[in-house]
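Accompanying notes for the structure given below.
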């Protein structure tokens with residue numbers, strides 16, 4: 001993938017300026033502190049999910065394997081955009097290199113595409129677990145689950161590759177200011193020096209396809225799950241199924257509600273502030289909420305998390321109670 005600062009694009013543009021949120025220096029510092037706090041909470045929350053899935057034998061099931069990968073994905077999702085945004089809050093230049101900009105574009109869109117595939121895979125898993133419980137063990141074997149996980153990662157990282165390559169080959173001869181806090185396809189296409197109908201078509205088509213198709217697949221899966229749950233004879237079984245699927249649907253609605261406004265709605269680019277707010281929501285807020293939603297509504301997840309917290313407390317007590325050698 002040729003995304004270097006030479007070749008078909010103008011030699012005058014070797015970097016871009018991310019304008020971010022135009023406000024006073026004091027507000028920039030406050031936003032830096034706030035976003036840093038959210039960033040650290042996101043890393044800790046999703047890291048706790050990964051810890052619980054890896055170390056608790058009861059969670060070595062297809063659903064929790066998907067959930068562990070989902071948490072791992074969220075960690076890298078926020079790392080693809082947030083650290084650079086935090087640096088820009090305190091930076092005077094707010095510059096990002098040409099290569100760095102397109103790498104950020106590729107990885108952020110690839111992570112978003114992978115999230116769509118993982119949410120679809122989770123819906124697929126819940127559909128077979130609830131609608132076909134007798135066949136679930138033979139369908140969702142460890143090997144099949146591993147293949148499903150690998151397929152999600154591969155498809156996610158290949159899905160948006162062509163638009164990124166097409167946009168990177170456009171001529172950028174100035175201005176090089178991007179009215180966003182991340183490198184996004186819309187602002188890049190706007191500041192290009194030449195019309196790019198093929199790049200716009202590829203970007204919009206692939207974004208809309210993966211969002212709409214995966215969302216319709218998820219809704220269809222959960223509609224069938226809902227019908228199956230309503231036919232369960234025991235109230236306890238219905239409550240457990242509703243609790244598990246309810247947490248998944250909450251994550252789905254949070255994620256798709258924002259990316260549809262951002263990448264599917266035709267009017268989403270009319271305002272310069274709205275894309276920033278929507279990107280902020282699905283790039284920072286949603287990854288923060290995901291571990292909270294999954295852990296607070298799931299007893300199987302809460303138990304190993306509490307055990308891990310207790311072990312951590314014990315380790316701290318043991319460490320603090322060690323006698324310290326006196327320095328003579």
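Glycine is no exception: its Cβ is also placed from the backbone N, Cα and C atoms.
All annotation found in TrEMBL is predicted automatically rather than curated by experts.
Transmembrane segment is the annotation TrEMBL gives to one range among 64-82, 83-101, and that range is 64-82. Check TrEMBL against the ranges 170-193, 242-265 and you find transmembrane segment recorded for 242-265. Below 8 angstroms of C-beta separation, residues 109, 113, 116-117, 119-120, 123-124, 126-127, 130-131, 159-160, 162-163, 185, 238, 241-242, 245, 248-249, 252, 256, 259-260, 263-264 of the same chain, each at least six residues beyond the ends of the transmembrane segment (206-230), sit close to that stretch.
The transmembrane segment (29-52) makes no contact with the transmembrane segment (102-124), as judged by fewer than three Cβ pairs under 8 Å among residues 6 or more apart in sequence. Only pairs six or more apart in sequence are counted, and the transmembrane segment (145-162) with the transmembrane segment (102-124) gives three or more Cβ pairs under 8 Å, enough to call it a contact. Among residues of the same chain six or more beyond the transmembrane segment (277-296), those with a C-beta under 8 A of the stretch's C-beta atoms are 35, 38-39, 41-42, 45-46, 48-49, 67, 70-71, 74-75, 77-78, 81-82, 108, 112, 180-182, 184, 247, 250-251, 254-255, 258-259, 261-262, 268, 302, 305.
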